[in-house]
Amino acid sequence: MGVTGILQLPRDRFKRTSFFLWVIILFQRTFSIPLGVIHNSTLQVSDVDKLVCRDKLSSTNQLRSVGLNLEGNGVATDVPSATKRWGFRSGVPPKVVNYEAGEWAENCYNLEIKKPDGSECLPAAPDGIRGFPRCRYVHKVSGTGPCAGDFAFHKEGAFFLYDRLASTVIYRGTTFAEGVVAFLILPQAKKDFFSSHPLREPVNATEDPSSGYYSTTIRYQATGFGTNETEYLFEVDNLTYVQLESRFTPQFLLQLNETIYTSGKRSNTTGKLIWKVNPEIDTTIGEWAFWETKKKPH
């Protein structure tokens with residue numbers, strides 16, 4: 001049996017921070033790039049042929065595929081909200097499509113879920129499928145669930161983006177971002193459109209911050225995964241946990257972790273200690289993503 005307590009935290013540690021980013025994208029007037037989005041891997045050869053017949057596209061060499069992350073649309077990225085967008089189904093074969101370039105993701109996910117009998121809920125990644133290579137935060141969820149289905153699909157028809165491959169299903173222990181695959185139509189075939197060399201693969205998922213890329217893994221425990229009664233715990237260590245709430249940003253969880261360590265709030269017994277954050281604590285440190293406008297409470 002675990003022990004639950006109310007965790008009182010210094011409020012001045014969690015002041016609201018906000019920042020704005022103005023992005024100005026300049027295109028030459030003659031540089032027209034129509035954008036098409038592939039939903040559910042439904043782009044067929046016939047669709048490409050129709051585009052070829054129009055004046056914008058004279059050759060399939062003008063097509064360049066890109067992965068676009070859903071978080072850019074402002075979807076909720078906290079673990080309780082994100083996992084509600086995924087569900088298990090049987091009888092539907094998975095589909096995989098490749099893409100040439102992708103965005104950097106603020107939030108990625110990595111699932112290790114087992115059934116109550118100990119068997120795996122998710123399939124292992126096929127050869128050639130590696131984790132999404134650029135994630136600021138990796139939300140790693142371990143736990144159990146009924147997993148009523150052969151594969152976990154996206155309920156809204158999006159893809160799970162891996163390293164230059166997008167799949168309709170989630171693979172066990174493989175980091176992914178939610179997104180869609182789009183294609184750019186270039187005015188003319190340009191071999192140097194993606195001229196930069198591929199970014200080198202991350203080492204153990206985290207590199208020196210001075211390299212311009214830094215990833216942090218945040219760990220959770222889940223029970224009843226995939227059901228309406230799913231419960232999530234933020235893992236401080238293997239005996240100390242915090243009840244997870246949708247309002248907790250990644251930045252808040254990292255400072256919460258530090259506070260629990262420095263204030264001696266970790267479990268000092270062999271039993272599990274579960275904290276609950278005081279509802280009056282302001283948890284709005286940081287942002288879910290720099291482009292998302294946070295809704296103010298009425």
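Every residue, even glycine, has its Cβ placed from backbone N, Cα and C.
Partner cysteine of Cys147, as given in Swiss-Prot, is Cys121 (from among Cys108, Cys121, disulfide bond). Noted from Swiss-Prot: Cys108 is disulfide-bonded to Cys135, selected from Cys53, Cys135. If you compare Cα positions, Cys135 (disulfide bond) sits closest to Asn238 out of the recorded positions Cys147, Asn228, Asn238, Asn268.
Over all protein chains present, the Cβ of Asn228 (N-linked glycosylation site) has 6 other Cβ atoms lying within 10 Å. With respect to their backbone Cα atoms, Asn257 (N-linked glycosylation site) and Cys147 (disulfide bond) stand 30 Å from each other.
Comparing local CB density within 10 A for the glycosylation sites Asn238, Asn257, Asn268, the maximum falls on Asn257. A coil conformation is recorded for Cys121 (disulfide bond) in the three-state DSSP classification, outside any helix or strand. In three-state terms derived from DSSP, Cys108 (disulfide bond) belongs to an extended strand segment.
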